[in-house]
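Here's the structure we're looking at; comments come further down.
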Amino acid sequence: MKDPLVDEHHEQSPPSKRYIEIPVPNPKLYIANSISTSKYNFFTFLPKNLFEQFSKSANVYFLIIAVLQSIPQISVTGGIPNILMPLSFVLTVSAIKDLLEDLKRKKSDRDENYRLSCKWNEGEWIKEKWLNLKVGDIVRVEKDECFPADLVILTSSENKGIAYIETKNLDGETNLKHKLAHKYTQAFFQNEKKFDRITGGVECEEPNAMIYQFNGILILGETAIALSSEQFLLRGCSLKNTDWIIGIAVYTGHQTKIMLNSSKARSKTSQLESHMNREIVYIFLMQLVLCAVCAVYYTTWYSENRDTTDIYLRLNENSSTSDAMVQFVIQFFSWMLIFTNFVPISLLVTLEMVRFMQAGFISKDIKIYYEPNDIPTGVQSSSLNEELGQINYVFSDKTGTLTRNVMEFRKMSIHGMSFGTNDHFTGPNKIQHVDFIDENFDPNDRIYYDFIIHLAVCHTVIGEVKNGVIEFKASSPDELALVNAAKFFGIEFIGRDSDQNIQLMIQGEKVSVAVMNVLEFTSDRKRMSVVVRMPDGRIKLLCKGADTILQPRMLPSDVWDETWKLLENFANEGLRTLVLAERELSESEYCTWNDHYNDALRDILNREQRMAEVGEMIETHLELVGATAIEDMLQEKVPQTIKTLREAGIKIWVLTGDKIETAINIAFSCNLISHDMIRIIIDSRTGPEVKKELENGLLTLKAQHTGTFALVISGEALIRAMAKDLVSIFIKVAERCSAVVCCRVSPQQKADVVKLVRDCKPHVRTLSIGDGANDVNMITAAHVGIGIAGLEGQQAVRASDYAVGQFCYLQRLLFVHGRECYRRNANLICYNFYKNVLLVIPLFYYGMFSAYSGQLIYNLWTYQLFNIIFAAMPIVIYAVFDKEIPYFELETIPTYYKLGLQGELFSTSIFWFWILEAFCQGLVIVLLSLFTLSWSTGDKEYGQMENMWVSAILIFALIVVFVNLKIIAFSYSHYWFSILILILSTGSFFFCTIMITEYLPIISWLDNYDSRGSSTRIMYNPNTYSGIVIAIFFGFFLKPIYDAYISIKAMMKKDTIAPEDNVLKTEEKDDIGELLPDEIILAEEAIKAYNRPHTGFAFSGEAGHTPQITDPGFFL
């Protein structure tokens, strides 16, 4: 059967085939077994890293400036590209950070490649590094070791060729699955002397990403043996409960299925930074316009005044510049260099430094520190801090993320009576996975014997003795709960014998129950059965499964109605339910049926279909035994966290490898789905069927203008839904649902779903959270990836941007740290552009008085110190420490988070309002400085006007005062150290100015001779102080206007984010349209189907995980 978990890219055509000759004549035909997840190597680091660095528009801008500064004719720095020093610093710091991160990946790759496994080499087993293994090598894997490549199992230490494997590195599940060596190879490869005489080969598919599908043929001499996924061992999985296996490598290195399902690490940039990069382009265009204006003005003035001002200005000293066009070009690029600081080069360094310090506070937050396992929140990509404040979609794994993957047996129904209370069992007799208490239940009562024996026998659990203690391994934690419940009630499962018969301990006596046949679970059957011979010789069919599946197969029963009501009560409590039934078989009846069973087992091509038909033959006329209710233990505060996230307007999608029933149960338990929701379930396997179900879902949305919806879709249906002809319908249905659950999805499908949402809704921000290796693709595909440091290894943590100890920490991470980082960093970016525009724009205004000749009025040294000393630290203090609202309120009131969702602090209009404010304040500063000083003669000797340098110092002083006062204006927290930093930053300007103009004028290289004595004249001029007061008054009059604009915008703006109930908005209704007359009946039928009650079905096994070993005819 084709597995539903396949990658959509491989769905259109079957994989081609490869033939591996044994022994392999030329190993170079196949790739090596080494892996590499790093981004760089020795030769590519420099060019690739530089390419990534210069993908940032700011870096490209400053590189262009450096080139222009090198041209003497236009340079204002004497032909020296001094911008290269800060630019090189920025590039070097970023390169070192990238290199250190990549070295970590290289170390991880080395650790993986240098692991050892046993390889058969010329008559003996030798230890070989994984990277040296090749296709065709015969490999021996010991218990608890990982498979070094994709192998075909040839033989195992078990008599029947069974091998139990753990796949947590692949699908996140710790439950054991089984693999089975073919009978022929199991016997043949027990004799190692034959290894060197093997002739033949393996014909199999070319490498592909279909992790649950494998087909091939093993040829040994004249014998051809069919291979399937039952003989296929995936790299990264580990061997459990089996001493050893021997296999042959068929796929190696990056051609293994786990590597083909892995996504390459990619660089992530926050939405805020991406928007900033776009605004830098617009700033540059504005700069070009201003340069053109200045150059045109000067060229025009030069043409008109060259003759009259020649003697004074010496315009014709260099005749080569007399041409108007040449003058235009020279002036244009001269002004380009003068306006260099329109784009603040310190911004990137400041932003990175602030993010680093913010990350430190996130890591030290005791509220998101997981004390039981000593796990603080880790920040591995601080460049995404502000992205945490703008998350629209959360994509979550289930197992280990929402749940602890720990089941507790809580309640049951026998003969229509309910047993089990809401109290919790405590005491020395507590048994793992059982939390049952009810004084009215007596397990020694004979009427309950059939129920308890059913729990102890109908399962596929295996037992292993470790240090004298029996340790159970199951294909599902549900089975552990049921088996332990039987032990709690007095019938203990102690293991299986060599023929896989069940061994029980009943009142101190060992009892054997012969397992004769197993009818395994499939997603279609939704049930499993075992045929057993009881100790008294009776043959029984024991069956367990979903209530809706078993009810039609039941004999009429007086207690069924009562049991059904109890099942609904259990489901309403969020418990996972199973119905238990049985049927006694006569010897003749069993023998006749067993012949059909063995025929079905021999049919390799249609085995699943034949087994389903055989099951239908015998799973009828069942007698009700009872029902169970199991609680899937959720992670701490998961329901509350999901509820709060949804109230903030965040949509939550759960992507899990579990079957639909399990996923729905968890969705109910964690408040993702409620009983009043209309559930749209898509579980078909063909394109036309999926299309019909999606269209029915769309009709339901059209018909139900109010109400809430949940979409549940299987992995195979998802493949069809994401096809080009259906993806638009799928997105329409999905985005209008309050909750989406994708079941039985592969790791690659998880990533594809995230990418689909990103591609179809480019303006939303996505977050993925998971704890296992199977979540790595999803984590790397999202804008922000969060790994949970739990029980499933560290793969997810290593691939993530942030690491937390619990899912519930997501609430504080987003609502407090994310929201505040967004607010502070948005203001930081706007402020940095504001202060640099305010620094540069007075040069443009002063150009009106100097014919835009390119006259610099600032002292070059104070100019260079502006972004280093005078206006550097206050914004850093703000971005790290400012607190708008108490953190407790931010964490508990979801509406505050909408600040980031709606982009209220950073947009094109908001950004340019900051720029406009700088333009206006710059004009006020220049005009008041010139009018108050340049035409003041009160204290000037001989009645002369103050010179240009005196006015320039006042202009610069006002700029420093303005930029520091601006921080006070938009800050909410004013600590003593923040006020001190503001005072020191402002005061440092006056100190440096006095030193440069009064005490160091004789040092020629300081280039300050013309400004000597300027600061003294300013300080003694009373117009200075009146000018400062007037400038501040007029300079900040825009702030109240801005605040009023924001308030009016907030009042007029409708809340576009749906609350928790996710009622359809008007525009959404219009988008999906209204029902046509012929669609009304179809919609009513769809709604009835979707509104059927949910009964929390929990099943104990996964498809394909039950050993088929009960009949020797299987291997014939």
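Cβ from N, Cα, C; glycine included.
Among PHE419, PHE425, PHE521, PHE709, only PHE521 appears in TrEMBL as part of the ATP site alongside ASP397, LYS398, THR399, GLU479, LYS544, ARG576, THR656, GLY657, ASP658, ARG744, LYS750, ASN774, ASP775. Cβ neighbours within 10 Å of ASP771 (Mg(2+) binding site), excluding its own Cβ and spanning all shown chains: 31.
Using DSSP to sort the residues of the domain 'P-type ATPase N-terminal' (28-80) gives these counts of helix, strand and coil: 24 helix, 0 strand, 29 coil. Closest to ARG576 (ATP binding site) by Cα-Cα distance, out of the recorded positions ASP397, THR399, ASP771, ASP775, is THR399. Checking each of the binding-site residues (GLY657, ARG744, ASN774) against THR399 (Mg(2+) binding site), the C-alpha distance stays within 10 Å for GLY657. Within 10 Å of ASP775 (Mg(2+) binding site), counting C-alpha to C-alpha distances, fall the following of the recorded positions ASP397, PHE521, ARG744: ASP397. Beyond the ends of the transmembrane segment (833-854), by six or more residues, the same chain brings 76, 279, 283, 290, 293-295, 297-298, 301-302, 305, 331, 334-335, 338-339, 341-344, 347, 866-867, 871, 911, 914-915, 917-919, 921-923, 925-927, 930, 955, 959, 962-963, 966 to within a C-beta distance below 8 angstroms of the stretch. Each residue contributes its Cα atom, and for ASP771 (Mg(2+) binding site) and ASP397 (active site, 4-aspartylphosphate intermediate) those atoms are 8 Å apart. Geometry remark: ARG744 (ATP binding site) versus ASP397 (active site, 4-aspartylphosphate intermediate), CA distance 11 Å. Sequence-distant contacts of the transmembrane segment (328-351), counting only residues of its own chain at least 6 positions beyond either end whose CB sits under 8 Å from a CB of the stretch, comprise 56, 58-59, 61-62, 65, 68-69, 71, 73-77, 83, 86-87, 89-90, 93, 273, 280, 283-284, 286-288, 290-292, 294-296, 298-299, 321, 825, 828-829, 832-833, 835-837, 839-840, 843-844, 852-854, 856, 867-868, 872, 875-876.
In this chain, the transmembrane segment (860-881) touches the transmembrane segment (948-968); three or more CB pairs sit within less than 8 A of each other, excluding pairs fewer than 6 residues apart.
For the pair formed by ASN774 (ATP binding site) and ASP397 (active site, 4-aspartylphosphate intermediate), distance between Cα atoms is given as 9 Å, rounded to the nearest Å.
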